[in-house]
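Here is the structure we will look at, set down as structure tokens.
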Amino acid sequence: MDKEHKNLIKVWLSAIISISYCYYIPPRIKSGVPRLLSVSPVLALFLVLPLFFSSLHLSLITAFFLTWLANFKLILFSFDKGPLIPIPSNLLRFFCFTCFPIKAQQNPKSQNHLPKLVFASKVAIFCVLLHLYGYKQNLHPIVMLGLYFVHLYLEIEIILTFVKVLVFITLGCDLEPQSNKPYLATSLQDFWGRRWNLMVPAILRPAVYAPMRRVSERRMSSGWALFPGILVAFIVSGLVHELLFYYMTREMPTGEVTLFFVLHGVCTAAELAVKKKTTVMKRWRLSPVVSRLLTVGFVFVTGVWLFTPQLRRSSVMERFTYEAVLVVEFVKKKLFTLLGHGNISDEF
């Protein structure tokens, strides 16, 4: 653990130095390929940093913040696009908006009050999930997969809530939510574009979808040009997820994750094509309840088929949940110690 702590300091110190360089030097260079070349060493470094950790959580969190978000934002920044344009007013803001999944709202509303009851409910459900893992030998594998999906969703929500609170206190800015009740999605377009992990489509839209659509419009009508943009955006997302899986498993990619996103890209494009046919939509309009069941069911079934097999084969899910249990136990002991009940924690 001491080695992991040292690596954590080294990795994020390297990130701070690298982003400081990006704040002071590349803005003085002409936007486009010259600026992209100036930030390319940082992009390459951020691809390597997650490999410094043996902990799944530290590796995955670093990969998400640096390899995924920071790299895509810096690429957009090179072409005077994305959330880093206009350039934030100081280095601290530039660092936060580069690394973390946050975005200033155009019409900010006060967020001085957090939905404490909702957050407490998510933490409580998360703790119950961790307790249920102790009985996993009595649970059906499909039930366990469902628990893993819920675990992933809740852990992302909890981690990002702490990030949002920290940034709100530090910068005093309002932040957009990172997800919007994905279990209520009524279509794949709704799920991927408006409900799940909102910062990712916000980055892929200007970085991948929009350029591909502009290129496609040279050869086809604008109505059809959106389909190549959708497919390429999903393919890029799949390739990045293959990289994230490599950080977790340290095994060569199998292509299953990319196939998962290609399938969802094709189905989302087909869904949009059907929506364009107004006569079909009027005749076959489904109720919201049925739409939600079909959407969430499709995501779950295809996830079990293509998204999770590599993780199951390399026992990543078991290691991931084991680390989460250890972290919760560590936090509990620290809380007991702070409350002056160290002897109580020993009894548990």
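Just so you know, glycine gets a Cβ as well, placed from its N, Cα and C.
Per TrEMBL, the features are as follows:
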DOMAIN    176-263  domain 'Wax synthase'
TRANSMEM  7-26  transmembrane segment
TRANSMEM  114-133  transmembrane segment
TRANSMEM  145-171  transmembrane segment
TRANSMEM  223-245  transmembrane segment
TRANSMEM  257-274  transmembrane segment
TRANSMEM  286-307  transmembrane segment
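Taking the domain 'Wax synthase' (176-263) as a whole, pLDDT averages 90 in the prediction.
Residues 61, 92-93, 96, 100-102, 111, 114, 119, 122-123, 125-126, 129, 132-133, 139, 178-179, 182, 197, 300, 303-304, 308, 317, 321, 324 of the same chain sit 6 or more residues outside the transmembrane segment (145-171) yet have a Cβ under 8 Å from a Cβ within it.
Helix, strand and coil counts under DSSP for the domain 'Wax synthase' (176-263) come to 65 helix, 0 strand, 23 coil.
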